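Feature annotations, reproduced from TrEMBL:
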type     : residues                               : note
ACT_SITE : 126                                    : active site, proton donor
BINDING  : 22, 23                                 : phosphoenolpyruvate binding site
BINDING  : 102, 131, 132, 133, 134, 135, 316, 338 : UDP-N-acetyl-alpha-D-glucosamine binding site
DOMAIN   : 7-417                                  : domain 'Enolpyruvate transferase'
MOD_RES  : 126                                    : 2-(S-cysteinyl)pyruvic acid O-phosphothioketal
Ligand code: UD1
């Protein structure tokens with residue numbers, strides 16, 4: 001297995017192009033199942049999760065093509081994927097495939113909405129908390145799908161199609177909102193989704209669905225209204241920038257010091273995190289095509305943070321922020337309210353010399369003057385990249401094992417950091 005080797009101490013200076021968002025690309029690809037026409041998606045990141053989803057969809061009989069690189073494009077330019085779900089031969093997503101990535105469970109929504117039948121394995125994905133799918137199933141049941149659980153599979157049927165419904169989510173769920181939104185586009189009548197997730201990825205999915213002929217209002221707010229249509233058509237859409245990748249590199253330069261421009265991204269997608277970085281001592285400004293983050297020799301200040309659904313501080317940046325706080329002046333309290341058990345990075349950060357105490361849903365991080373390089377092991381996607389951030393300032397060498405987690409969610413990570421001065425390389429296993 002590949003490893004990432006980092007020699008800490010170098011500041012980050014230069015420009016990092018931000019990739020398309022994994023968490024937007026996945027639901028957008030899944031939305032292609034709603035139409036027999038071709039959906040063309042631009043700015044799709046080159047990531048293991050994207051390939052896994054394409055594999056699952058190929059199993060259904062979906063055709064896809066990936067456009068090669070054009071003159072002038074670097075390997076960091078997103079790819080264009082054309083997906084056509086004309087004739088589906090199978091509406092079953094098996095355990096072996098779905099267990100590698102939780103978001104693939106969402107295929108259940110377009111399959112049952114368009115074909116009246118779907119059989120999808122209960123999902124896997126990052127081992128963060130129990131991550132149930134009860135609310136996704138609730139939404140489909142409200143829309144008129146009959147649901148049965150058989151041997152680890154969820155079977156959803158609606159031979160006469162779905163109908164509009166009022167869906168009140170008792171808890172904000174991104175996946176639940178994606179599922180309800182996709183299914184409602186082809187349901188007969190009006191659907192109202194309340195307490196909907198306001199994440200920008202939901203708005204991006206809705207923007208693409210609207211191009212495909214869906215009638216949707218309010219995406220990006222907590223109440224979405226969908227007027228069902230009888231069919232959708234093909235469209236062309238560019239995936240939004242990855243706000244988690246943006247925030248990760250912003251935390252990295254706050255950690256190492258230096259001056260980074262993050263290109264092709266927008267501050268409004270992660271304002272809460274940028275505000276916190278400002279309080280911690282980084283200088284954040286918007287440029288015409290992205291965000292500039294600087295930190296000079298001054299230290300990092302401890303800041304308390306609580307994760308929340310958008311527009312709050314994202315849980316997907318919690319581990320990275322904790323890495324930053326390991327070097328802060330003072331103690332910061334980091335509260336995780338979205339997922340229980342999302343503190344697996346704590347013991348690995350401790351191996352690098354961090355002082356962190358866990359108490360229920362909170363981590364108390366006492367900043368230390370130095371971290372020391374060590375071999376560490378990544379346990380999930382965001383935890384892995386927090387170890388990279390810590391390794392960038394740790395004295396000596398840090399080796400991060402199990403890099404496949406990073407490959408699921410960060411495109412060309414070592415190349416992007418190395419170009420800005422980091423001493424980082426991949427060691428092929
Ligand atoms: C998505 C993101 C993930 C991010 C998370 C929260 C993708 C591919 N993944 O995950 O990176 O960390 O949003 O921002 O976009 N819940 C239930 N029942 C359900 C569904 C969810 O109780 O049926 C709970 C979860 O356990 C969790 C909370 O709701 O406590 C939020 O989860 P959700 O927003 O659904 O996360 P995902 O969509 O899986």
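Quick reminder: no glycine exception, Cβ is built from N, Cα and C everywhere.
Worth saying up front: this structure is predicted, and the values here are computed from it rather than measured.
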Proximal but sequence-remote residues of the same chain as residue 316 (UDP-N-acetyl-alpha-D-glucosamine binding site) (Cβ under 8 Å, at least 6 apart): 23, 244, 247, 382
Rounded Cα-Cα span from residue 22 (phosphoenolpyruvate binding site) to residue 338 (UDP-N-acetyl-alpha-D-glucosamine binding site), Å: 19
List of residues, in chain order, with Cβ under 8 A from that of residue 132 (UDP-N-acetyl-alpha-D-glucosamine binding site) and at least 6 apart: none
Inter-residue Cα distance where the pair is residue 22 (phosphoenolpyruvate binding site) and residue 135 (UDP-N-acetyl-alpha-D-glucosamine binding site), in Å: 22
From binding-site residues 102, 133, 134, the one whose Cα lies nearest residue 22 (phosphoenolpyruvate binding site): 102
Fewest-neighbour residue among binding-site residues, criterion Cβ within 10 Å, set 22, 102: 102
Contacting binding-site residues for ligand 1, chosen from 22, 134, 316 when the Cβ sits under 6 angstroms of any of its atoms: 134, 316
Cβ neighbour count (within 10 Å, all chains shown) around residue 135 (UDP-N-acetyl-alpha-D-glucosamine binding site): 18
DSSP-derived class (H/G/I helix, E/B strand, else coil) of residue 133 (UDP-N-acetyl-alpha-D-glucosamine binding site): coil
Long-range Cβ environment of residue 134 (UDP-N-acetyl-alpha-D-glucosamine binding site), under 8 Å and at least 6 residues apart: none
Chain-internal residues, separated by at least six, CB under 8 A from residue 133 (UDP-N-acetyl-alpha-D-glucosamine binding site): 105, 122, 123, 154, 175
Cβ packing number for residue 338 (UDP-N-acetyl-alpha-D-glucosamine binding site), 10 Å threshold: 21
